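Chemist: The structure under discussion is supplied below as structure tokens; questions concerning it will follow.
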């Protein structure tokens with residue numbers, strides 16, 4: 001009995017000591033600190049850096065300014081949206097820009113798509129050199145391209161204007177379309193075209209029913225990219241436009257003597273149109289899923 005009681009006492013004391021030790025260890029442990037999510041903060045900072053000027057442009061498009069300096073807030077108004085097309089030279093610049101963009105999209109889209117298809121599908125002499133020229137045209141600074149094109153037009157005694165601007169826009173956007181389509185061609189499955197030929201389709205039917213639908217997204221992407229680059233271009237256009245004024249050139253000339261409210265209004269409208277198109281694209285993608 002005495003030995004049993006002694007063993008029980010020792011066991012109880014050991015259990016109590018283990019519990020106290022565990023409690024002390026648990027009380028002394030600290031919860032790990034959460035490290036700040038630097039990636040999240042960097043993302044928000046980058047977005048703020050990108051969209052702060054756009055937000056300022058949209059806000060000041062509603063500013064009731066007096067004079068030509070639109071740099072201080074003087075009240076809310078919508079009258080500038082009613083006078084967005086009040087300047088005849090602005091309207092002409094917008095028409096020139098739209099015409100150049102659409103023509104560039106059609107011409108560069110067609111030639112660039114054919115060139116991209118040839119570079120991605122066929123092997124011919126000079127293929128590597130052509131690829132190098134395509135990438136060099138993208139990597140070259142626009143100042144160099146603009147100066148080179150102006151020198152070319154002056155050498156052959158061509159008067160700069162709308163036509164030379166269109167030629168320049170097609171030349172520097174062609175590479176973007178060709179490389180976009182070429183990248184898509186390289187990912188096509190040859191078995192699809194082989195299956196079409198096995199089923200009796202000729203070369204034209206195979207291209208029309210199989211190849212072209214598969215390339216259509218890349219062709220549209222390249223064409224829209226050419227349109228955006230043409231509408232946005234300023235440097236090359238400055239060299240070769242002559243007496244033709246585009247929207248970027250009009251904005252640059254207008255801001256030299258002030259900041260007309262129409263500049264912010266047109267910028268806000270163009271940005272809103274871009275947001276609307278992006279939203280429609282997202283909605284269509286969700287419906288397809």
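A Cβ is built for glycine as well, from the same backbone N, Cα and C atoms used for every other residue.
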Chemist: Look up transmembrane segment in TrEMBL and report which of 41-62, 63-84 it refers to.
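Modeler: Here TrEMBL associates transmembrane segment with the stretch 41-62.
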Chemist: TrEMBL tags one of 98-120, 236-258 as transmembrane segment - which one?
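Modeler: Spelled out, TrEMBL records transmembrane segment over residues 98-120, not the other listed ranges.
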Chemist: Looking at 98-120, 166-185, 206-229, which one has the highest count of Cβ pairs under 8 angstroms to the transmembrane segment (132-154)?
Modeler: 166-185
Chemist: Taking contact to mean three or more C-beta pairs under 8 angstroms, with sequence separation of 6 or more, is the transmembrane segment (206-229) in contact with the transmembrane segment (98-120)?
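Modeler: Judged by the Cβ rule, the two regions touch, with the required three close pairs present.
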Chemist: Would you kindly list the residues that approach the transmembrane segment (265-284) from elsewhere in its chain, counting only those six or more residues past its ends and only Cβ-Cβ distances under 8 Å?
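Modeler: Result: 54, 57-58, 61, 80-81, 84, 90, 94, 247.
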